[in-house]
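What follows is a single structure, written as structure tokens, with notes after it.
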Amino acid sequence: MAASDGDARVPRSFRWLLAAESASSVGTYVTLLALQTIVVVTLGGDSADTGLLSAARWLPYLVVGLLVGALVDRMRRKPVMVWSDAVRAVLLAAIPALWVLDALTLPTLLVVVVAYGVATVVNDAASMAFLPRLVSGASLQAAHARIDTADAVAQSGGPALGGLVVRLVGAPFAVLVDAVASAFAALAVARIRVDEPEPAGRRSVRGILADVGEGIRLVYRGTALTRLAVATHVWFAANATLGVLVAPFALTTLGLDAGAFGIVLAAAGVGAVVGASVTGWVGRRLGALPTVAACHGLSTVAVLVMAAAVLVASSPSLATVLLGAGQLLHGIAMGASNSHEMAYRQTRTPDEAQARVNMTMRAANRAVIVVVAPIAGFVAVLTGLLPMLAVSAALFATASLAIALRPRS
């Protein structure tokens, strides 16, 4: 992406935040693969156990997300980021320690994952609210685009790195990659120079609950931000549905082998890199919200391309190409849309409410995943995969129209 005026105004200290986010992204993708391998291979678990692992990962967002947002808005955000990264490093290091002590069981692993999830919620709330203090509003989109690009690169290479590390040292020790990454992130954020005000106000339970309510009202009070929030929730429903369907569609309906399926998944990461690289160019020509709407429309097309792979199921190579092309398009859409959506939201949110608004959105989005994913999987068993792929495409289209048809006022 060519440098823009917004890029030029991104402060030099942003490099440390970008380094921290990049390291964390790589570590996260390694850990996701390692944890699933621990459950299935090391502990001999089944799909129900991997479901518990997924629930443990997302549960903290639902249980404490809103509260954490209110608390973080009452604190300096940089120290919260440093300490939460340090806590994550310690928790991750506990997994191989438990394995060495012969104390790593599914219940103990789930406890660690839940605790890690709480620390991640805290870190997410602080980091999302910290960026607007570090980067001016005019440069927020460019900063988000750089972070998205780093995450997309991590998405492309992180799972492969995780697989290599698991083969070399075993799944329990592979999570040490993420522990080191979290420790590095803490040190990198600590080097950022920024003046943060100490938030004033009450710290009573009643005051905190009032802050939670204010965050909810800011998101859902009927403004353009509300329309964007609802469209985002619909997008998460569409993506959760798609996420449940891709693996059985590829491996069972199309009969692809694991290698071909890996190529298909990697295509999404490549697409995300491409999307994040061109997002500034697209945004300057279309505007922020039209770009988001167009990207959701592209995801609609992507799902239809994936579904079309069933027409060439007799040829695994052609099916792989079509399914991979759909994943590539979906990755481009995700990579190009997120920075504009985040910048639009943050430039319209008061500094003192950044954490609450962001965590209100994130908690609601995670709730959508938790509710929709199992329902989509169950309905797919009853109706077949193709009808549910059509549902996913329809939901992506709905998210696109919800933004595209918004009143310009």
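Every residue gets a Cβ built from N, Cα and C, even glycine.
Unlike curated entries, TrEMBL annotations are predicted automatically.
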Looking at the candidate ranges 107-131, 157-181, report the one that TrEMBL labels transmembrane segment.
107-131
Residues outside the transmembrane segment (55-73) whose C-beta sits under 8 Å from one of its C-beta atoms, at least 6 past its ends, are 80, 110, 113-114, 117-118, 120-122, 125-126, 129, 199, 208-209, 211-212, 215-216, 352-360, 362-363, 366-367, 369-370
Which residues of the chain, 6 or more past the ends of the transmembrane segment (258-282), have a CB below 8 A from one of its CBs?
1-2, 4, 6-7, 141-142, 145, 148-149, 151-153, 155-157, 159-160, 246-247, 250-251, 291, 294-295, 316, 320, 323-325, 327-340
To the transmembrane segment (228-252), which of 107-131, 289-312, 318-336, 363-382 is linked by the most Cβ pairs under 8 Å?
363-382
Taking a Cβ cut-off under 8 Å, which residues six or more beyond the ends of the transmembrane segment (289-312) line up next to it in the same chain?
224, 228, 231, 235, 238-239, 242, 246, 249, 253-254, 275, 279, 282-283, 318-319, 322-323, 325-330, 332-334, 336-337, 340-341, 344, 386, 389-390, 392-394, 396-397, 399-401, 403-404, 406
What else in the chain is close to the transmembrane segment (107-131), if you only count residues 6 or more beyond its ends and a Cβ gap under 8 Å?
17, 21, 35, 38-39, 43, 52-53, 56-61, 64-65, 68-69, 72-73, 75, 77-78, 80-81, 84-85, 87-88, 91-92, 94-95, 98, 140, 143-144, 342, 346, 354-355, 358-359, 362
